[in-house]
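Chemist: Attaching a single structure in structure tokens format; questions to follow.
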Amino acid sequence: MVNKVTRKKHYRPPGQKKEGNAARYVTRSQAVKQLQVSLPVFRKLCIFKGVFPREPKKKVKGNHHTYYHLKDVAFLHHEPLLEKFRDIRAYEKKISKADAKKNKERANFLKEHRPTYVLDRIIRERYPKFIDALRDLDDCLSMVHLFAALPAQERLKVEAKRIHNCRRLSHEWQAFISRTHKLRKVFISVKGIYYQAEVEGQKITWLTPHSLHQALTDDVDLTVILNFMEFYETLLAFVNFHVYHSINLKYPPILDPHLEALAADLYALSRYFDANTRSSLLDSQTSSSSGYGQVDAEENSELRLAQLQQQLSLNEPTALMHLVEDAAAKNEDEDEDEDTRECKKLFKNMKFFLSREVPRESLLFVIPAFGGMVSWEGDGAPFTESDKTITHQIVDRPTQTHKFLTREYVQPQWVFDCVNTRLILPTEDYLVGRVPPPHLSPFVDNEAEGYVPDYAETLNRLKAAAKSEVLPLPGVGKEDLDDPQKLLAEGIIDRAEAIEAAEKKQKMMALEKQYHDELKLELQGVQYSSATSNVDKQSSNQENEGGEDADLPDPEQIAEDNANLPLVVMSRNKKKLYEAMQIGKRRKKGEIDLLKERKRKHKESQKSQ
């Protein structure tokens with residue numbers, strides 16, 4: 001008798017080949033161990049390379065771990081910057097060793113010659129095209145503008161050099177947007193000021209803090225934020241370099257040291273833009289008129305300088321802007337789109353003066369972006385408050401004692417509301433001492449939200465009046481515009497057009513009634529041929545057949561059943577998703593009803609007063 005050999009079941013030994021999520025994902029501690037770096041260096045490397053944690057379907061090591069894809073870790077393993085970080089770590093050990101031996105001379109020498117690294121290659125690797133960098137610029141601009149407003153604190157590693165660099169980069173970006181008229185929307189909120197610009201078809205939105213004193217607390221860990229900041233500074237420098245060269249300007253710009261010392265960086269950048277534009281125009285003129293022979297480079301530069309000094313009057317610092325405007329307008333209009341041309345002409349031929357209490361940097365950015373000229377109270381200003389050509393003065397105080405009769409005194413909100421509506425609004429509601437109307441967000445679609453504020457309706461009517469369109473009056477729906485009698489009474493159409501519109505309306509009402517009657521007969525099961533022959537009989541016997549109609553199916557019930565029919569064939573997950581969507585719609589409808597109720601109570605309280 002042959003004994004059967006029982007084979008033991010093969011078990012995979014631990015540490016051997018893995019399958020599934022265990023083979024595709026590793027924890028953060030495993031990744032740090034594979035790369036042989038410290039945790040702060042690993043975080044910095046992940047931020048620079050754009051590697052983020054993953055969420056596997058099945059977490060093998062438990063829910064309390066952070067997981068990374070194995071390919072991402074291998075991607076970091078071949079990064080040349082990793083070897084640079086290891087060299088820096090070894091160099092720091094040399095410094096600490098020299099300090100331990102109290103060799104101050106060697107320690108100081110090593111500290112002065114610390115190895116550095118650049119992120120240029122990583123920027124080109126992550127953003128092979130310029131449009132890719134523009135898509136990822138929102139967080140970068142918000143972070144750079146935030147650090148530009150922070151105070152320098154060496155204790156928290158917020159260096160003054162970084163603050164000045166962020167301020168310079170933010171002003172260079174704002175100067176480009178203002179010069180090319182790419183700004184589209186502005187909204188002032190509690191968090192700060194939201195801006196939206198459109199560059200090469202990409203909408204870029206960023207947030208700038210209010211010009212108030214910012215205080216840093218120990219509750220915020222700035223280590224990770226500073227790593228992001230290091231990457232964002234390089235990215236924004238690359239973007240500024242590209243956009244400046246796209247409009248034939250050198251980067252970095254050379255600013256007037258006097259204006260720079262007076263903290264008028266934006267105005268200094270605008271002067272730099274205008275001067276370079278003028279010099280490029282003179283270059284083209286001299287090159288086109290060089291038929292008599294070739295002139296030396298020194299003579300050309302002296303000729304350009306003499307022409308600029310002759311045409312630029314000393315008593316008007318903004319004369320250079322007037323010189324450039326007319327010469328460059330023809331070339332710029334050919335390359336600009338419709339929105340840019342509209343924004344460029346909004347504040348055309350308007351001169352603004354800013355009082356000392358208004359947000360100066362924001363208005364210095366917004367007003368020139370829409371074609372206006374602006375000055376302020378202080379040194380380095382283009383023109384003074386006593387200039388008689390000023391059309392608007394921006395004031396944010398309860399009263400204004402001294403007034404010029406040739407200008408209008410408005411609040412800063414008027415400028416932002418004009419920008420968002422692309423229309424010069426009436427200034428009566430924005431005068432000094434008055435409560436301005438609500439500042440509506442241009443990022444909210446009121447029609448999609450289902451609630452349109454009163455002031456939004458007023459702005460829509462002003463836009464329609466500017467475009468010669470017809471919109472309903474307050475409290476009147478769009479269907480009321482179809483009434484020819486009301487249109488005749490308002491003087492919109494004449495009597496002949498009103499008679500023709502009334503006849504068309506009667507025909508449409510008759511056809512609509514016939515359609516509803518045929519639909520009702522179809523629900524009753526009557527064919528169309530028999531229904532047309534027995535219409536009169538059914539109309540005469542409608543009262544006698546009231547009891548039979550009660551047995552017929554209800555059209556509303558049929559419609560509800562048809563609406564619920566797709567739910568029967570839905571899977572469980574899709575049905576839950578659909579129910580969640582319906583809950584969200586009901587919640588949104590409840591919020592809209594609450595707003596309408598508050599609006600009704602507010603109007604009643606105003607009437608009672």
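Glycine is no exception: its Cβ is also placed from the backbone N, Cα and C atoms.
Checked TrEMBL, it gives:
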- 1-12: compositional bias 'Basic residues' (COMPBIAS)
- 530-544: compositional bias 'Polar residues' (COMPBIAS)
- 545-559: compositional bias 'Acidic residues' (COMPBIAS)
- 597-609: compositional bias 'Basic residues' (COMPBIAS)
- 342-432: domain 'BRCT' (DOMAIN)
- 1-22: region 'Disordered' (REGION)
- 530-571: region 'Disordered' (REGION)
- 588-609: region 'Disordered' (REGION)
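For each listed feature, how buried is it and what is near it?
Modeler: Below 8 angstroms of C-beta separation, residues 454 of the same chain, each at least six residues beyond the ends of the compositional bias 'Basic residues' (597-609), sit close to that stretch.
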Chemist: Tell me the residue counts in helix, strand and coil for the compositional bias 'Basic residues' (597-609), as DSSP assigns them.
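Modeler: Going through the compositional bias 'Basic residues' (597-609) residue by residue, I get 12 helix, 0 strand, 1 coil.
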Chemist: For the domain 'BRCT' (342-432), report the average pLDDT of the model, please.
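Modeler: For the domain 'BRCT' (342-432), the model's average pLDDT rounds to 90.
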Chemist: Based on DSSP, tally up the residues of the domain 'BRCT' (342-432) by helix, strand and coil.
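Modeler: DSSP composition of the domain 'BRCT' (342-432): 26 helix, 15 strand, 50 coil.
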